[in-house]
Amino acid sequence: MSAPNSGTPPTESTTALAALSTEQLIGSGQEGGLLDQVRAWVQRVRGGDMGALPAVAGFIVLSILFTILSPYFFTERNFANLLTQAATLVMLGMALVFVLLLGEIDLSAGVTAGLTMVIFVVLIAVVNLNWILALAIAFLTGIAIGTFIGFFVAKVGIPSFVVTLGLFLGFQGLELIIIGAGGLYRVETPEILAIQNSTLPTWGGWVMVAVMLAISATMSFIDRARRTRAEVPNRTIALVWAKLIAIAVLGGGVVLILNQNRGTGFKAIEGVPIVVPITLAILWIGTFVLDRTKFGRYIYAVGGNAEAARRSGVKVAMIRWCAFIVCSSLAVVSGLFSISKVGSVDAAAGREIVLSGVAAAVVGGVSLFGGRGRLIHAAIGALVIAVITNGLGLLNLPAGVNYAVTGGVLILAATIDAVSRKRAGGSILRT
Amino acid sequence: MDMPIIELKGVVKSFGPVDVLKGVNFTAYPGKITALVGDNGAGKSTLIKGLAGVQPYDGGQVLFDGSPVTLHSPRDAGDLGIEVVYQDLALCDNLDIVQNMFLGREELSAGTFDEGRMEREAAETLRQLSVRTVKSVRQKVSSLSGGQRQTVAIARSVLKKAKVVILDEPTAALGVAQTAQVLALVKRLAEQGVSVILISHNLVDVFEVADYISVLYLGQMVASVKASETNNEDVIGYITGAKTYEGTPA
């Protein structure tokens with residue numbers, strides 16, 4: 001047994017905290033050393049609160065499997081490829097988290113991405129609009145779509161499944177009308193193509209890791225300072241160091257691999273693809289909003305028990321509405337990632353990806369029943385699906401196998417979700 | 001006698017052709033526990049939903065601290081310091097105790113949550129109510145027992161500095177030991193000067209804690225008596241309509 005508060009820095013008055021926690025009959029779950037915290041975490045996992053654990057395990061197992069099966073899998077080139085392939089799905093999965101947390105769904109997110117990109121590219125190619133202006137119009141269209149869905153779901157009261165299924169069909173039609181059957185537009189904007197095809201300078205990757213470490217450390221210490229000021233116990237500081245070390249090792253490892261020359265010709269290709277820092281920034285901002293602001297907390301509350309939230313004064317309809325707007329707006333970003341990778345837009349843009357987006361979130365540990373999940377879960381889930389697609393592709397297996405395996409993984413993940421929810425007791429007392 | 005904090009005069013409410021409340025008078029005093037009893041369909045829930053602002057009354061007068069008020073939304077009730085602890089508890093399973101207690105009134109510092117301060121206040125409130133059954137204030141509500149949930153829901157109203165707390169069947173789903181704990185909690189709530197309105201079917205509970213008993217029968221207040229001046233048999237008589245209360249409303 002480690003002594004309580006072991007490892008807290010001398011700056012915090014350890015004795016006062018110890019006195020407080022003995023007097024305090026109710027704990028806060030923050031007491032104890034590293035070992036106690038690890039033990040508490042194991043207990044939570046056993047209780048059904050697994051988070052992204054199955055997905056992380058799946059990612060590691062699949063990576064090892066494909067490394068054994070294919071000599072091309074674990075190479076610098078494929079690693080960079082994997083990240084850029086996954087980026088679209090990561091972004092779409094993160095977009096969907098906002099509505100999945102409410103227990104809603106947006107089946108139109110993929111075609112929202114597709115339609116806004118069709119509008120974007122056509123505005124540039126046909127109307128000769130400035131690309132920034134076209135991009136602004138694409139985003140405004142995304143926001144308008146979210147507003148439209150939110151209105152019908154939150155105000156009129158139609159199930160989101162039906163509204164967005166309608167839009168899923170309607171937008172495909174709209175894409176066809178704008179582009180014409182079999183039509184295709186090339187993406188000519190260098191700034192957009194750069195997202196997936198250009199890289200940071202090699203030093204830029206290190207700066208990125210440094211910024212991540214700085215932000216994480218600052219946030220942790222601000223949190224600790226606030227808790228100390230409120231005279232409630234802090235978690236052992238070892239956890240902060242562990243987190244920072246994990247970021248440094250993981251981030252550093254990724255940057256190290258990506259900074260190797262992966263070009264096949266004379267021109268060196270090295271550095272972190274630009275899409276990576278963009279995705280990380282959106283992941284960080286989104287997580288900040290979900291964890292630390294009223295909007296985020298109320299999304300979880302509405303997803304957990306909408307009636308309880310309403311009685312607590314939460315404007316439930318407004319929260320729902322805003323969540324759909326956030327989802328559609330982030331879907332536009334995923335569309336940008338997609339056209340940057342593919343280099344063109346056709347009339348079927350975004351038709352296939354939406355279910356993969358939902359799958360990514362669910363595989364990562366976001367609950368379809370609402371109220372449980374984080375953005376990082378969707379990102380990890382998307383990486384799992386991307387690894388499957390990428391690995392099976394390297395093995396030259398037919399596309400059908402890819403669909404079948406991805407579908408199987410989705411059902412497995414949904415099963416884990418349902419079973420862990422039962423274990424957590426959520427289904428017993430839910431009204 | 002103290003001035004009542006809540007006074008309803010001739011309150012009416014109907015759903016379509018059905019008159020649920022037919023001119024109900026009701027009073028509740030600060031620091032006292034008033035039990036509201038009546039058979040199913042007597043109008044208890046409708047009466048408290050009106051007080052909570054969830055379903056506004058169609059007519060009649062509501063006096064709060066002697067002055068007339070309107071209760072059109074839960075926010076109106078909340079602003080006055082009227083809090084309802086519902087039978088289904090209205091807690092979010094996926095949030096922890098602190099997050100539930102502060103839901104809708106989170107404390108911010110520089111635009112983001114001040115979790116430390118909220119945790120401290122939540123723990124203090126629970127301690128003040130001598131709650132010992134909860135292990136950690138950062139437990140998810142899904143891991144709590146029925147009695148613990150009731151405790152959190154009641155503590156939530158205390159945290160909101162409620163002047164009137166309405167408890168809807170707080171012991172309905174609880175075992176013997178948990179019922180005793182919750183009733184003790186209800187008494188402590190009243191000792192702190194809060195006016196408690198207790199809705200219950202269990203007359204044993206009612207006689208254990210209530211200062212006043214008000215009986216609804218088919219949308220009318222048929223009796224309002226001091227608990228010390230009546231007995232189980234009479235109250236059952238009022239509830240079933242077998243007996244008529246003769247005295248003046250207490």
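Each position is counted from 1, following the chain as shown.
Cβ from N, Cα, C; glycine included.
Straight from TrEMBL, the features:
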type: TRANSMEM; residues: A:52-73; note: transmembrane segment
type: TRANSMEM; residues: A:79-102; note: transmembrane segment
type: TRANSMEM; residues: A:109-127; note: transmembrane segment
type: TRANSMEM; residues: A:133-154; note: transmembrane segment
type: TRANSMEM; residues: A:161-185; note: transmembrane segment
type: TRANSMEM; residues: A:237-259; note: transmembrane segment
type: TRANSMEM; residues: A:271-290; note: transmembrane segment
type: TRANSMEM; residues: A:318-337; note: transmembrane segment
type: TRANSMEM; residues: A:349-369; note: transmembrane segment
type: TRANSMEM; residues: A:376-395; note: transmembrane segment
type: TRANSMEM; residues: A:401-420; note: transmembrane segment
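Under 8 Å from some Cβ of the transmembrane segment (A:161-185) lie the Cβ atoms of residues 105-112, 114-115, 118-119, 121-122, 125, 145, 148-149, 152-153, 344-349, 351, 354, all in the same chain and six or more residues away from its ends.
Non-local neighbours of the transmembrane segment (A:318-337) in the same chain are 87-89, 91-92, 94-96, 98-99, 101-102, 104, 106, 109-110, 112-114, 116-117, 120, 135, 138-139, 141-143, 145-147, 149-151, 153-155, 160, 192, 195-196, 275, 278, 282, 286, 295, 298-299, 302, 309, 349-350, 353, 357; each lies 6+ residues outside the stretch with a CB under 8 Å from one of its CB atoms. Counted over residue pairs separated by six or more positions, the transmembrane segment (A:376-395) shares at least 3 Cβ pairs under 8 angstroms with the transmembrane segment (A:52-73), which defines the two as touching. Using a Cβ-Cβ cut-off under 8 Å and counting only residues 6 or more beyond its ends in the same chain, the transmembrane segment (A:349-369) has close neighbours at 50-55, 58, 88-90, 92-93, 95-97, 100-101, 103, 105-115, 117-118, 168, 172, 175, 334-335, 338-339, 376-382, 384-385, 406, 409-410, 413-414, 417, 421, 426. Among residues of the same chain six or more beyond the transmembrane segment (A:52-73), those with a C-beta under 8 A of the stretch's C-beta atoms are 45, 363-365, 374, 376-377, 380-381, 383-384, 387-388, 390-391, 394-395, 409, 413, 416.
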